[in-house]
Amino acid sequence: MIRGMLPRGLRALRPSVSPTVVSSSLHRNFHSSIRRFDEKIPETYEEEKVIIDEINQSLTEKDLASSSRLRNIGVSAHIDSGKTTFTERVLYYTGRIKAIHEVRGRDAVGAKMDHMELEREKGITIQSAATYCSWDKDDKNYHFNLIDTPGHIDFTIEVERALRVLDGAVLVVCAVSGVQSQTVTVDRQMRRYNVPRVTFINKMDRMGADPFRAIEQINLKLKTPAAAIQVPIGAESELKGVVNIIDRVALYNEGAQGEEIRAAEVPAELADLVEEKRALLIETLADVDEEIADLYLEGQEPTVPQIKAAIRRATIGRKFTPVLMGSALANKGVQPVLDAVVDYLPQPNEILNTGLDISTGVEKRTNLIPSSTAPFVGLAFKLEEGKYGQLTYIRVYQGKLKKGSYMNHIKSGKKVKVSRLVRMHSNDMEDVDEVGAGEICATFGIDCASGDTFIGHNSEQQIAMSSMFVPEAVISLSISPKSKDNGQFSKAMNRFQKEDPTFRVKYDPESKETIISGMGELHLEIYVERMKREYGVECITGKPQVSYREAITAPTTFDYTHKKQSGGSGQYGRVMGEMTPLEGENKFSQHIVGGKIPEKFLFACSKGFEDSLEKGPLIGHRVLGVHMHINDGQTHVVDSSELSFRTATHGAFRQAFLNAKPVILEPIMSVEVSAPNEFQGSVVGLINKLGGMILETVNGQDEFTVTAECSLNTMFGFSTSLRACTQGKGEFSLEFCKYSQCAPQLQRELIAEHEKKQKK
């Protein structure tokens, strides 16, 4: 079953898992244990739609009217594609801000959604920022809950947590660079959470802009049927507006900030292009929508309402993305995107959200009802330290949340009072008395973790929702405060871990060092800098360390006995079975005949397996891709205990692992480098020098882009080397790609270094 096709509440969970098989990633990423479902889970939007229609029949007219005016959307893209600039225009045109400020503007104010000092200094988005605004269309007022997300891969958890709670998204693509590495990553994240999207091709005013090449890349690289619903009027510096090819209307942005839209006839020189792209749009829709397909086969041209209805059906059904174009920086083409959000992205009651009813002790999938009269269910998806304490962002899926009311934390069972309820506008907040189903809000003073579920205080159903996907850290470094006062240092570490699940902290008893791990060098650099600015703690950091993995390449059997006698009752446990290599996550299973190992001891065996995964036998790094199966064993009537079998499993794991031709895996990164054409030889030479494998080279009018795979171990200091060989004009992005077996020489060096540390 494709993970991306699961209903929203269960989308990252795996159905029909045997209770004797443990996948380590489930325990790591989600709060609850393995789920087991007997119900058939919808695999397509058509199947979901049947359930959605049944739910909507139970909603009141007030609920339906409220939902129809609401859109929960995110803005996502590759770094430097113009997300925050686009969002700034959205806020200005919807009246939420009175003036436009640029991301790297000279006024030292910065974009509204980049409220952190570090974001404004570096010109990048580090944290997702939420706001809400209103937009008028066809004499109706619509409310948008909008989240601007980072484009840098190091802050990917911000994209994950935003997409987890949003109903739709605007995917921003650069008209010059087209689909880039992080565009592919964002597309994968949108599929993971079943998020429909409209696409905005930005930077149409730049030299080399080619929107139709970008659309072709969306079709080929993202494997998403896409077609333009606009064509540009003019190109590059001569960009004047866009033509809506559905209605055959030209739209010009006028006024000092492009705030006025003037509709006019299609320019004569664009008439043929408009008809060509309109025919292509209808042809593409015929491939994904039955109604248009029938008209197409009968030779009939669909009407404008039929085309718009088909685009909406196909977009919400995740079969198609309509493509708009313009330039946010030049204030052109942004307002039509807001119209497209209303026309083509779903309202809350058009998305199937599900949870797990755990009231009876047996987990059962339940559909959430976007009604304000139903019992409250909400998901805490983001935490921030505010001036009034911890700020918790909550998406309300069912019922309503009132100021002064109580709700229950599903994980701890604690009753929590909602003392203050706010709507966020970046770092500003506006108090509200209540929020209804489908809305996003924030509250203070709640002790919880990101991804926790809350329900109404008097709710009969105990409903839990799945958390967001949390990727593994790929880089680590040692850290210690310069001063001996560890109070603020510990406080910062605890807070950052709570806010960001990809930021990990552990104490290494061997080196007696605190180790922080994250998604990349920039990720960790930002936290070190934040400790200095927000807590006054200057830190000393060690050299970045790669997060290797240990794996096996051959199957083997094991027969291990743990025996310990020290007077009185001792310890005894014997386990037998086999260990085999496995693609992907680790797995533990057992099949014991005749009760040779009691159930409670088998549970201890699974715990012993989990313990063993944390520190592999070769160099003490996590283990990946191992299946351990226990099929026999032996107990002692007096000396056997859970500890005995946990220890026996740990010993058997080590014994078998070392006999199974173990190897060390290193993280391989997908690298994308862009630079002026005259530096192509230097960049290719640099990548070859690092032992990278070049996958693709795309030559543009002025710039080229190289995509390659390189070992993370060789990438430290790459930014300095790239600046040197491109005179500071080169840019690059890094994204984790896969784990691959490292060179034998490096493996020997790593093992020798680990053994040397062990002897100290």
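Placed from the backbone N, Cα and C atoms, the Cβ positions cover glycine too.
It should be emphasised that the depicted structure is a prediction, and the values quoted were computed from it without experimental measurement.
In the three-state DSSP scheme, Asp80 (GTP binding site) is classed as coil. The GTP binding site annotation in Swiss-Prot covers 77-84, 148-152, 202-205.
Feature annotation from Swiss-Prot assigns domain 'tr-type G' to 68-349. Averaged over the domain 'tr-type G' (68-349), the predicted model has a pLDDT of 89.
Here Swiss-Prot flags 1-37 as transit peptide.
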(Q) For Thr149 (GTP binding site), which of the three DSSP-derived states applies: helix, strand, or coil? (A) coil
Q. If you count Cβ atoms within 10 Å of the Cβ of Asp80 (GTP binding site), leaving out that atom itself, what do you get?
A. 21
Q: Would you count the other C-beta atoms found within 10 angstroms of the C-beta of Met204 (GTP binding site) for me?
A: 27
**Q.** The one of Lys83, His152 whose CB sees the fewest other CB atoms within 10 Å, among these binding-site residues
**A.** His152
(Q) Applying a 10 Å Cβ distance cut-off over all chains shown, what neighbour count does Ala77 (GTP binding site) have? (A) 27
